[in-house]
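Encoded as structure tokens, the structure appears first; notes follow it.
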Amino acid sequence: MTEKTPLLHHGRNSGSGPDHPQVSDLTGLQGGSVAGRPAGPKLGVMFGVVIPTLLSMFSVVVFLRVGFVVGQAGLYHSIAMFMVAYFIITMTVLSVCAISTNGALHAGGAYYMISRALGPEFGGSIGIMFFLASVCACALYILGLVEAIMTTFGVPEEDAAVAAGHQVLPSGYWWCLLYGTILLFLCFIVCLVGAHIYAKATFLIFIIVMAVLASVFISFFVLEPTAVILPDTFHVNNTSPATANYTGVRLRTLEGNLFSHYTVDYTTGDLMSFATVFAVLFNGCTGIMAGSNMSGDLKNPSFSIPRGTLAAVLATFIIYNLISLLSALTCDRYLLQRDYSFLGDINVWPPMVTVGIYSSAMSAAMSSLIGASRILYALSKDNLFGVFLALAKKTARSGNPWVSVLISWLFVQVVLFAGKLNTIAGIVTIFFLLVYAAVNLACLALEWASAPNFRPSFRFFTWHTCTLGILGCLVMMFLISPIYAFASIVFMLLLLMLIHYLGPCSNWGYISQALIFHQVRKYLLMLDARKDHVKFWRLQVLLMVANPRSSTRLMTFVNDLKKSGLYVLGHVKLGSLDGLPSDPLQSYYDSWLSLVDHLKIKAFVNFTLADSVRHGVRNLLFISGFGGMRPNTLILGFYDDCIPQDNLCSDLLLSDEGVDAACPIINPGQHLSPFFPDVRGAEEPKELREEEYVSIIADALKMGKNVILARYFNQFDRQEVLGLGKGFRDHQKLASVLQEVRAWKQASLRLFLCVEAGGRLQEEEEMRLRSMLKELRISAEVQKVAWDNVVRLHWQRRGGEEDLVEYPQTDEERLRRQSDKDDSVQTRLSDASPTPDEYICAVNSLIFRHSSPQTAVRFLHLPHLPSDARRYRVYLHQLDLLSRDLGPTLLIHGITPVVTTDL
């Protein structure tokens, strides 16, 4: 609705007819009964759904807006507008019927539907907006009633001397505010002391409104043609006629009203258009959820809500169009455009329409106030806003939430100070349209999730109707007022983020999880492992963790290393399921997942129960992942004699900002022994023997998995490393992957090129390496390292007298020897003749000498395993010598191609 809304400024309009969710709680707050008390009488289709919905949709709109729409848009466009408007609300009605027949609704109406379907964040933000919409609607009805009263009984401000005998009420802003305050206080007393009074009076109000409508229809046929005096606000000059014609049923009159003729609205001075008139019309088509809000008070909700709501929508559609047709048949266009209250002027008993306006406005104001209080009470019970709404939980002995009623009354009183219906009406309509869009979204999400428990008895809906309802509501929002629409969406998003970060955890179930499951399953089926290509290779990790207390730093580093790949944390618990009453691993998941959240890593958690660590790791390698999304790399901590260090508390303190304190790990500084066992002490034996550890590596290689051994990562400080921009070196592929991670962009990559001093092929080897790095698009620094002493030890291993022989001098011999030494130092510690420890120590010393304090991580090649299992212990010993005292180091053995130069 535009800033200046026609009709609303006239004084007798009380705006739209939004839903009145309070009625669902008139006999109780939960399913129609107060806690500890038996439920009251249950309602049927007519009294429970049809009457509340009709009253909510009609309000005073039917008496004040239809003539304006026909006068501006013509009969053809008016019927088209009604069809479009009712198409939008019918799509929403279908969603309401579907959700309301999928289970019992408790206090809160639309808020309850949305929050239980879309989760607390979305439901809470929409609930607040629904509350504010009801508050503004109540104020709008009160102001509309005040202006209607002032039109009849108020003294004209311009010329008090010409006031009629019945015009005795003083006029002015403060007087109108006083009248509104008095009327609002009467509504407050009714809601505070006896909400049941309104419930009993509903039928009486319905009879009054129906009687007024009947008099309107009769008047069209029995009243003789006459001249109607136009409102004083229009004849501002002598050239404008003061009267307009009521012609009775005439075909000529109908022909003059068939087509549109948009003109200036006499109350605001704004030129009307299709959009502005449609906005005014649609403002009177809301109120469709009044029946569904009574779910707890109905005998059979799944039967009553669909039939009653659809019947009410159909009835209002027919009545609106009949009044439009009869107005076009009997009233001159000039009358329709210049007198919005013409139905009272042409009635057989004019006060009849006034009675209808007063009764419907007062009824709508009370119902909106009750509805606002019930929504606020439902929000407070769900504890979404903590201490801010704690007082709203208080109820009287009868179960009436009197504090919520009091707060709602105060909010309405504040809104009354606005004093302008046009401003309030636009906000009310936008807020309710946003609520309707959210209901459609909730139904759409439930339908798309294909959850087995979504089985509404009302089946006349599809995802197409939900989508059309969402689009229709959003289009109408921006058509009515782009500024209000944008502001309301921004406000809702701010509330959503506030609840997400500050609200408590809930156990309602999250529709997002169902939707994610549905989509993930679909795409996992599409992910075909047979279509894997080296161009799209990525690291997919299974990291084995014995105790998270000593592994948090490695877990964080691997999270960077994986770079959008699969990351699984694996854990083996020794034992057997035989003789146990249940799976002992189920109790572990919550604490592990909470740890993942606190560390801010993107990882899955997978456990297994096995009789040995080797069998457990093998099981995890077999079962981890789905389809084409399976780990291709196994990462193990290094097997050495170091005593594990407990870094859990310190690492959590560094990463705990912004984490929900309601999760299982309540405070990182607290003692976490209930969640994870203490680290192994110096005197405690290991659960894993050396041979079994190497056998795990052998099993992984047989299964086609890459293997990485991580050592000294208890010394790895991620914040210090990233703050100083430290470098890392060797094994260019994985290091380059890490360099692509945003946090590691400032780090540099350095590769060692081992050469012999004085060799003639140094430049050629360096050029060959640089060319390869360029083809692989890897940015790295190449550092030549002389390793003559290491090579001499290598040749001594080949033959006892090798050290007495001159080195070959030809290029062919030098290349052959370079190939031999590469194979010896980078691939095997398992030849028939054992590699001496002196040789391994020399390599270690070489790496250590050329390292700098700024080195963050070293990437080394993991040599092949010996073919003889009896040499596993020696193999592990020499790996220890190779990587000893180097700081954080990864020993990597890759068996799958991971790089390509092709496009």
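Residue positions begin at 1 at the first shown residue.
Each Cβ is built from the backbone N, Cα and C atoms, and glycine gets one as well.
These numbers come from a predicted model, not from an experiment.
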> According to TrEMBL, which listed range is transmembrane segment: 76-101, 466-491?
Replying inline: 76-101
> For the transmembrane segment (271-290), which stretch among 122-143, 310-335, 424-446 has the most Cβ pairs under 8 A?
Replying inline: 424-446
>> Does the structure show the transmembrane segment (43-64) and the transmembrane segment (202-223) touching, where I'm treating 3 or more Cβ pairs under 8 angstroms (sequence separation 6 or more) as a contact?
In response: yes
> With pairs closer than 6 in sequence left out, are the transmembrane segment (122-143) and the transmembrane segment (310-335) joined by 3 or more CB pairs under 8 Å?
Replying inline: no
>> Same chain only, please: residues at least 6 beyond the ends of the transmembrane segment (202-223) with a C-beta under 8 Å from a C-beta of the stretch. Say none if there are none.
In response: 23, 47, 51-52, 54-55, 58, 62-63, 246, 248-249, 319, 322-323, 326, 329-330, 343, 346-349, 352-353, 355-356, 359-360, 363
> Do any residues of this chain, six or more beyond the ends of the transmembrane segment (400-418), have a C-beta under 8 angstroms from a C-beta of it, and if so which?
Replying inline: 29, 131-132, 134-136, 138-139, 142-143, 177, 180-181, 184, 187-188, 191-192, 195, 369-370, 372-374, 376-377, 380, 391-394, 424
> DSSP says what for the domain 'SLC12A transporter C-terminal' (554-641): how many helix, strand, coil residues?
Replying inline: 34 helix, 22 strand, 32 coil
